[in-house]
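Lifted from Swiss-Prot, the feature list:
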type    : residues                                               : note
DOMAIN  : 6-238                                                  : domain 'ABC transporter'
BINDING : Gly40, Ala41, Ser42, Gly43, Ser44, Gly45, Lys46, Ser47 : ATP binding site
Amino acid sequence: MKKPIIEFKNVSKVFEDSNTKVLKDINFELEEGKFYTLLGASGSGKSTILNIIAGLLDATTGDIMLDGVRINDIPTNKRDVHTVFQSYALFPHMNVFENVAFPLRLRKIDKKEIEQRVAEVLKMVQLEGYEKRSIRKLSGGQRQRVAIARAIINQPRVVLLDEPLSALDLKLRTDMQYELRELQQRLGITFVFVTHDQEEALAMSDWIFVMNDGEIVQSGTPVDIYDEPINHFVATFIGESNILPGTMIEDYLVEFNGKRFEAVDGGMKPNEPVEVVIRPEDLRITLPEEGKLQVKVDTQLFRGVHYEIIAYDELGNEWMIHSTRKAIVGEEIGLDFEPEDIHIMRLNETEEEFDARIEEYVEIEEQEAGLINAIEEERDEENKL
């Protein structure tokens, strides 16, 4: 990993008036030029982290580092970060130009340079020609662009975004996701984005921190977190999931619903109780006799791109299926899936334990592969003789 631009070392936050611990020993490192997302429900602590980076809140314990320098005691205006708030925090009595130029005027930048830089950033956010437009006459999406332009005009090392898209309608929010991601990649600035919207996080991020109750419960790429949730909370919070109790018989073999299935996971104890996750889109509808499982369709909703089908197996387990194929309520269908569609979660495993287990398991597999290669090479030499 490159030298981190931002680092949290054992950071906690307690609100003394209520004695509420909203952050619990947070540790992470952020690289320069990436798009990070803090994802969690309301009250998970994600906005608290953002406010501590910005200097709007003090950490109770721990160190906050920016480029290797401790910044706990450095005031907000001296930190090379800029925040875009959910409310945008624009000045209603100023036009677009004056709002965007405001940070430069505080630094007493030359008038000609201000005009040049404002024109550049307004072009970046597709607001050319809006310089004299009143803030009050802008749409929600246009106000969002003004707030982003103001955030990047000083070319900060880090831009913090606190649920900036939540007030927009669905179509505009989706458009802004593309625009924000493209802008971040073009500028090469580190973005730290806060949201409770899982699809938003998956679509935009290089790296996601999933938060719950003041803790980071899992971090990783969007694909890693979606495909390999570490626990029940992550599996249900990130997308839809079918979760069932199971037993890991041995490496690559799991039992659930009274049957044994091939899997791709390993590194657990023989006959260890686990939770089995299968995503709704990974289930394929077949004839009952051709399916690995048989279920009875209970309800069906059309979601536009697919049907969302709820069905129950003979043990009473509920199954959600996403399919482009329409089912009939009351009919029995088969469900088929591949070994790689089965995700295994160890009970009560932390992210540190998960990473250590996977690392140890990979090392063992590599050693076994090396031993097999050595034996094969030895046989080849013997055959030559």
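Every residue, even glycine, has its Cβ placed from backbone N, Cα and C.
In this structure, the binding-site residues Gly40, Gly43, Gly45 were compared by how many other Cβ atoms lie within 10 Å of their Cβ, and the smallest count belongs to Gly43.
Taking each of the binding-site residues Ala41, Ser42, Lys46, Ser47 in turn and counting other Cβ atoms within 10 Å of its Cβ gives the largest count for Lys46.
Averaged across the domain 'ABC transporter' (6-238), pLDDT for the predicted model comes to 91.
A sphere of 10 angstroms centred on the C-beta of Ser44 (ATP binding site) encloses 24 other C-beta atoms.
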